[in-house]
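These notes are about the structure you will find just below.
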Amino acid sequence: MTTAKINLLDFDRKGLRAFFSEELGEKAFRADQVMKWMYHFGCDDFDQMNNINKKLREKLKNKCEIRAPYVSEAQHSSDGTIKWAMKVGDQDVETVYIPDGDRATLCVSSQVGCALECKFCSTAQQGFNRNLKVSEIVGQIWRAAREIGLEKETGRRPITNVVMMGMGEPLLNMKNLIPALEIMLDDLGFALSKRRVTVSTSGVVSGLDQMTGKIDVALAISLHAPTDELRSQIMPINDRWDIDAFLASVRRYIASSNANRGRVTVEYVLLDHVNDDMDHARQLAELLKDTPAKINLIPFNPYPGSPYKKPSNSRIDRFMKTLMEYDYTVTIRKTRGDDIDAACGQLVGDVIDRTKRTKVKQQGEAIPVKTV
């Protein structure tokens, strides 16, 4: 029986040094050399690591591998946005590349599917399958950098910002999220500034409290409603941790953080005639008066089967102006990639649907026809 090789992308620097010492009998600086090859040069071939002696390279080839998710499908938008379905094991997750001048943001997934059942989210329709490993989280960045082109080839960083806003709830995968964030920030890893790495949460207070004082990155919170009654209707997690508990944990985190510069980004998806009238805007302004915040309004991205609609431009504009009357900094998220499957999780949902239909065909069974 062949022993599975150890994927070195699963280790942060501390873990990699321990592995080299305890399993390979090597000094810490050797681990550092290999880490630099993996992340600075996008190298997954031990034989190319020309400052590593041959004996160690042979050890590494026998026991280890550097294996990132691979692209199973890609959609390219006319505005430069790329949405990838990345294969993790026998499943897919979504990773989205969003270029904007000198800035290039990568939206990264943390889970296969999601357990939170937010009513407006395409990913929620797929249910929850499993947490991603460290290698599957950082591997999305590694693979995207390879797809876009390494810094040494293009003269510029392929990715300047990472947002943990893809499929899944990051704070329900704390065991793998923390070392993945460490790799993103590490000078031998992706060497990103802590202000250029953002974790978004729908309100997992226990996870946010674990992060407090342990890892310092930018924080974004998915609020989406100004009252517990409405939030519980569209985000069932609110029944576990209500708005007051959530915002209290947010204040604790930003008080311990330098990356957030004293305030949090509040994400608020605008659903037509659900959470987007002027009373909602005023309630939101009052709700956040004790929580220093900038507010990012997100016009809803429709997806097949969704019961919600995007508000009119006039409703979006009125909502924004009402908040600005309370002296909040308010932005409206720019629509990107609207000529491809724009809603988070939609591409993978399509991949899953096609896979199921192919299996049914192969089994010779009838294929159900969707009615409109």
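Keep in mind that glycine also has a Cβ here, set from the backbone N, Cα and C atoms.
Sequence annotations record features per position, and here Swiss-Prot assigns active site, proton acceptor to GLU94. In the three-state DSSP scheme, GLU94 (active site, proton acceptor) is classed as strand.
Here Swiss-Prot flags CYS344 as active site, S-methylcysteine intermediate, drawing on sequence analysis.
Cβ neighbours of CYS118 ([4Fe-4S] cluster binding site) (same chain, under 8 Å, six or more residues apart in sequence): ALA124, SER202, SER222, HIS224, ILE234, MET235, PRO236, ILE237. The DSSP secondary structure for CYS118 ([4Fe-4S] cluster binding site) is coil. Sequence annotations record features per position, and here Swiss-Prot assigns [4Fe-4S] cluster binding site to CYS114, CYS118, CYS121 based on sequence analysis.
Close to GLU169 (S-adenosyl-L-methionine binding site) in the fold, though at least 6 residues off in sequence, lie SER110, GLN111, CYS114, ALA115, LEU116, THR201, SER202, VAL204, each with a CB less than 8 Å from its CB. Per Swiss-Prot, the feature S-adenosyl-L-methionine binding site maps to GLY168, GLU169, SER200, SER222, LEU223, HIS224, ASN301.
The annotation disulfide bond is assigned in Swiss-Prot to CYS107-CYS344. When secondary structure is read from DSSP and collapsed to three states, CYS107 (disulfide bond) falls in the strand class.
Per Swiss-Prot, the feature domain 'Radical SAM core' maps to 100-339.
Around GLY168 (S-adenosyl-L-methionine binding site), the same-chain residues six or more apart in sequence whose CB sits under 8 Å from its CB are VAL93, SER109, SER110, GLN111, VAL112, GLY113, CYS114, THR123, PHE128, ASN131, LEU132, listed in sequence order. SER222 (S-adenosyl-L-methionine binding site) carries a strand DSSP state (E or B).
Counting only the Cα atoms, the space from GLU94 (active site, proton acceptor) to LEU223 (S-adenosyl-L-methionine binding site) is about 22 angstrom.
Listed in sequence order, ARG231, ILE243, PHE246, VAL266, GLU267, TYR268, LEU284 are the same-chain residues at least 6 apart in sequence whose CB falls under 8 Å from the CB of LEU223 (S-adenosyl-L-methionine binding site). Between the CA atoms of ASN301 (S-adenosyl-L-methionine binding site) and CYS121 ([4Fe-4S] cluster binding site) there is a gap of 9 Å, rounded to the nearest whole number.
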